[in-house]
Amino acid sequence: MKNFLNNNSRKITVIISLIFLTLFIVLPLVVISTYNLYSNEASSFKTLFTKDIAHIYFNTLKLGILVILVSSVISFPLAFINVKTNLRFKVSIDILSFIPVMIPPYIESMGWILFLQKKGYLDTLCPALSFLRNYFFSLTGLVIIMSLHVFPFMYLGLKNALLKVSSNLEDAAFVHGSSLFFTLRKIIFPLLLSSYMVGALLIFLRTVSEFGIPATFGRKIGYYVLTTEIYKYVSDWPIDFGKASTLSLLLTLSCLILWFFQNHISLKHSYLLIGGKSSKKNLHNLNILAKVIVYMYIFLVFTLAILVPIISIFFTSIIKVQGYGLSCRNFTLINYINIFSSGSDGFNALINTFKISILASILTTIIGTFYGLIIGKYKKGLLYKLTAIFSILPNTVPGIVIIIGLILVFNSKYMPLPIYNTFGMVILTYVVLFLPYTVEYVSNSYSQINSNLEEAANLFGSKYLFMLKKIIIPLNSKAIFSGFIMTFIVSVRELVAPLMILPPSMQNSASFIYSQFEQGSEGAGMAMALVSIIITAILLIILNMLSGVKKERT
């Protein structure tokens, strides 16, 4: 293209970009794959064939599959109610499904533990239901907590797919005497299979990659998965990077195999749902009994997903002594006062969180915008395809695997850049982990902009930097800012990275919450947790508003 860079300049730019991506994203994954070979620890591969690891691997797969099933049971009725019925206030389902995403998963897990433990809030608020504790502190409870956190991803995918299904297909089935359940089984479900597989893959990857919930709730019930086992090998003495890298490789290969399988199924069962002729949406009329059942279902889902953990977190943060009930004499604001008192551990952790998140977000936004502009405009050629694949690789590989790879690379005696165990290592890890967010936002935005604007500027002799300043950046400013906000949000929520790469004398809000909860100081931890949720909620609302403005303008 002639619009701003000649072919040679473009190729040089892309090659330099690929070198950066190779060093900081691809190399750590290669090191993990080959660590046991060059470190003379090939015996670590035998770890894969022990009964303990086989059991943990089976636990991981079983958890992922069960969470998919429970999330499906939660999500499809909500999506069907929203799209195919005449229920009022359906927009509230979208709003409510947005809230569980605001709660970091490890905090949600802690909220449930506090709610159902002995002398917890269930015993206080409804003692008659205390028998549920025995059923909850098991694999069943772990699956429920995970499902309540991730089901919005499947719900949104199924809802959008249902919106594209023409009502003409249902009308034709009903004309020929088909029942609702037959229509669902033979028409609706097959048409949704491709979208469902995408949602199922996303939920499976998030489940097997999740560290916070297994590390808090899973460990309490003795249910161990690959992420917690990997963390154990790099945090507990004796440290064993060989076994950690072997398990990381196993986790990565499992995710990639499932990704290829999902792509195959999606392509095989992909259908054209939107044609040139629009059709009206026929809604199912619900009678009074059906409406009561539907409202009770919605209330139950969002009570479990939102109210229970939030109530537990809030009351724990303002109670002086845990286990002495909800009385005014047992309420205090001392935990919040300590957090915002200059020089306290909580205050320092909060300041560190903002320092890390802001700096990482700025660097990620700059680098991600650069890659997003390359990917959004140039889609042909091996170099550009490799750039696109490498830049979003951290989104397809579990975060703990990337972190282990970075530790192995920068803790090596051959590494000339001594940043391991420093603040610089923290920032680098966050940039690598969260780079895909800005890349995807900017590349999607830039690919939708007609190149005529740049070509017109080029005809009038404009230099590339001028076009970048006056045309490209302004037109993509919403996407760039969205990438910044999203990076900041996930930086605040991230748990496994600070636990593994923060210097010993440094804490952020996530590691502070985790350590306080582990030490039995739940009040201080939950006060910080509520502050983190509020920060996340405000930023997600801003991000959602930006998305709404962008849709209106397009």
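Backbone N, Cα and C define each Cβ position, glycine as well.
Just so you know, TrEMBL annotations are computer predictions that nobody has curated.
Cβ atoms under 8 Å from those of the transmembrane segment (12-36) belong to residues 5, 42, 44-45, 241-242, 245-246, 248-249, 252, 367, 370-371, 374, 378, 383-384, 386-387, 390-391, 393-394, 397, 401-402, 404-406, 408-409, 428, 431-432, 435 of the same chain, restricted to positions at least 6 beyond its ends. Feature annotation from TrEMBL assigns transmembrane segment to 12-36 (among others).
Sequence annotations record features per position, and here TrEMBL assigns transmembrane segment to 56-83 (among others). Long-range neighbours of the transmembrane segment (56-83) within the same chain, counting only residues 6 or more positions beyond its ends whose Cβ lies under 8 Å from a Cβ of the stretch, are 90, 93-94, 97, 139, 142-144, 146-148, 150-151, 154-155, 158-159, 162-163, 196, 199-200, 203-204, 207-208, 214, 223-227, 229, 250-251, 254, 281, 294, 297-298, 301.
Residues or ranges marked as transmembrane segment by TrEMBL: 95-115 (among others).
Residues annotated as transmembrane segment in TrEMBL: 135-158 (among others).
Marked as transmembrane segment by TrEMBL: 187-205 (among others).
Here TrEMBL flags 241-261 (among others) as transmembrane segment.
Per TrEMBL, transmembrane segment is recorded for 288-315 (among others).
Taken from TrEMBL, the feature transmembrane segment covers 354-374 (among others). Residues of the same chain lying 6 or more positions beyond the ends of the transmembrane segment (354-374) and with a Cβ under 8 Å from any Cβ of it are 13-14, 17, 20-21, 384, 387, 391, 426-427, 430-431, 434-443, 445-446, 472, 476, 479-480, 483-485, 487-488, 491-492, 508.
Long-range neighbours of the transmembrane segment (386-411) within the same chain, counting only residues 6 or more positions beyond its ends whose Cβ lies under 8 Å from a Cβ of the stretch, are 14, 17-18, 21-22, 24-29, 31-32, 35, 205, 208-209, 211, 227, 230-231, 234, 241, 244-245, 248, 251-252, 255-256, 259, 368, 371, 374-375, 417, 419-420, 425, 428-429, 432-436, 439-440, 443, 494, 496-497, 500-501. Per TrEMBL, transmembrane segment is recorded for 386-411 (among others).
Look at TrEMBL and you will find 417-439 (among others) tagged as transmembrane segment.
Residues or ranges marked as transmembrane segment by TrEMBL: 479-503 (among others). For the transmembrane segment (479-503), the residues of the chain that approach it from at least six positions outside its boundaries are 104, 106, 211-212, 215, 227, 231, 234-235, 353, 356-358, 360-362, 364-365, 368-369, 372, 399-400, 403-404, 406-407, 421-423, 425-426, 429-430, 433-434, 437-439, 441-442, 444-446, 473, 509-511, 514, 532, 535-536, 539-540, 542-543, 546-547, 550, judged by C-beta separation under 8 angstroms.
Per TrEMBL, transmembrane segment is recorded for 523-546 (among others).
Taking residue pairs at least 6 apart in sequence, the transmembrane segment (288-315) and the transmembrane segment (523-546) share three or more C-beta contacts under 8 angstroms.
Highlighted: of the candidate stretches 95-115, 187-205, 417-439, 95-115 has the greatest count of Cβ pairs under 8 Å to the transmembrane segment (288-315). Note on the transmembrane segment (417-439): residues 24-25, 28, 356-357, 359-360, 363-365, 367-369, 371-372, 375, 391-395, 399, 402-403, 406-407, 410-411, 480, 483-484, 486-487, 490-491, 494, 497-498, 501-504, 506 of its chain, located 6 or more positions outside it, place their CB under 8 angstroms from a CB of the stretch.
Remote same-chain partners of the transmembrane segment (95-115), defined as residues 6 or more beyond its termini with a Cβ less than 8 Å from a stretch Cβ, comprise 78, 121-122, 136, 141, 145-146, 148-149, 151-152, 155-156, 210-213, 215-217, 220, 298, 302, 305-306, 308-313, 316, 493, 495, 510, 513-514, 517, 522, 525-526, 529, 532-533, 536-537, 540, 544.
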